[in-house]
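Since the structure comes first, as structure tokens, the remarks are kept for the end.
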Amino acid sequence: MTPAKILVVEDDRVVARDIAQQLVRIGHSVVGTTAVGEEALPLVLETRPDLVLMDIRLEGEMDGIDAAQQIRDACLIPIIFLTAYADDETVSRASRTEPFGYLLKPFEDSQLRTVIEMAMAKHTAESRLRASERRFVATLSSIGDAVIATDADARITFMNPVAEALTGWPQDEAMGLPLPDVFRIVNEDTRATVEDPAAKVLRLGTIVGLANHTLLIARDGVERPIDDSGSPIVDDHGAVIGTVLVFRDQTERRAIEEALRKSQTDMANVARLTTMGELAASIAHEVNQPLTAIVTNAGACLRFLDEARQGVERIVRDGHRAGDVVRSIRGLTRKSSAELTELDLNETISDILTLLRGELRRHDILLETDLSPDLGPVMGDRVQLQQVMLNLIKNGIEAMGTVTDRPRVLRVCSRLKLPGMALVAVEDTGIGLEPDSIDRIFDAFFTTKQEGMGMGLAICRSVIESHGGQLSSAPRQPHGSIFQFTVALAAASP
């Protein structure tokens, strides 16, 4: 055992001398002795002992218990009480000073040695624990998240500076208060009070998190969106003795997410307009062809009145065709936020195919369709889904641009995909995908083309994921690529 420097506070000077001799015999040193309670603390501050042996009865107005309390308040030095009296009242008073042991006089060297060893071991353990707690508090005080700790009654025992700032409560005012008094949280949509997370952790004994759309109402009434998790503090026996809540302000994150959504919407609109610019020739052809037919048929009506009915019917049909093309163009160039409604997916696909018919003819591409008649309505945004189809078909057309040794075929199909999903596939017989590109083609700014920003497929994936579906690609055997996406059926949506 390491020798200790010990202060002896004993009213009987003969006994004090004997104790000093005992201490030397068992390997310790005595830094001082006194018989007066009022002298104990000044002597401690002067000699800085490792341990104090304190008689309960002392000279002067201050007894050993009061002197021990003074020492305890001023410095963390272990104290062992010496007494010839061990009545319950005395022991009760002495215990309030949190002594490290008791010795009933007279005592043997072995008893003294044992009590001192136990006191010093306990003091060392407590010193390490206090150091660990200081490191823990310093860590929690310096992290960017807000932290609140509670006891087993859900009363606050600790708050770091971030928690103080977000709640508006200084730690010294919040200490001991029930958590809901300081950590006031409501549902953002309903304004209903959210269950106290500390109480929930204490009840369940597991880690819990806050629901989405939770607002923290600070002391000054300022509201902030937060996310939160609560964890139990357990003792060596697994009993929950408190909780730790970690939460963070989501205001800035929400602003960033909103800016990102706006940027994605703007980028999607630019992509639509860019694609429409590339299709200008096809659009002009698709509109001019039925308009030319209208003029021709009208002239024929004037020349051949007896065939007027058939000519007028053709005029009406071609007029409708021109109107369909114009409607498709207006829909694709309209900028709007996503509006999920029930829609006919096959009809949505057909509108795009009508728009691209001329483009496919000019590139000598055979169009094959297999649209399932059993496909029910889906939940989606018509404009956004048409944008996805337009991008996928345009990619297929471009992929077959250099193909000369085989037929150029574009196949579009739709079918049911359980559970509760519709699947759309666009297949081409083009040059196919490089193996190292398959996992990257949906990344923003990744492109295999000499021109372009590489945003088309990234936007398509974002659109499909916002519909609760998935967009994927795969090689087509023996040539080409397959792009397919899923979207929820209306009947399967909540």
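Glycine is treated like the rest: Cβ placed from N, Cα and C.
If you look up TrEMBL, you'll see 5-120 marked as domain 'Response regulatory'. Counting residues per DSSP class in helix, strand and coil order gives 55 helix, 27 strand, 34 coil for the domain 'Response regulatory' (5-120).
Summarising the annotation, TrEMBL assigns domain 'PAS' to 132-205. With helix defined as DSSP H, G or I and strand as E or B, the domain 'PAS' (132-205) counts 34 helix, 17 strand, 23 coil.
According to TrEMBL, the domain 'PAC' annotation covers 210-262.
The domain 'Histidine kinase' annotation in TrEMBL covers 282-491.
Residues or ranges marked as 4-aspartylphosphate in TrEMBL: ASP55. The 10 Å shell around the Cβ of ASP55 (4-aspartylphosphate) contains 25 further Cβ atoms across the protein chains shown.
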Confidence summary for the domain 'PAC' (210-262), mean pLDDT rounded: 84
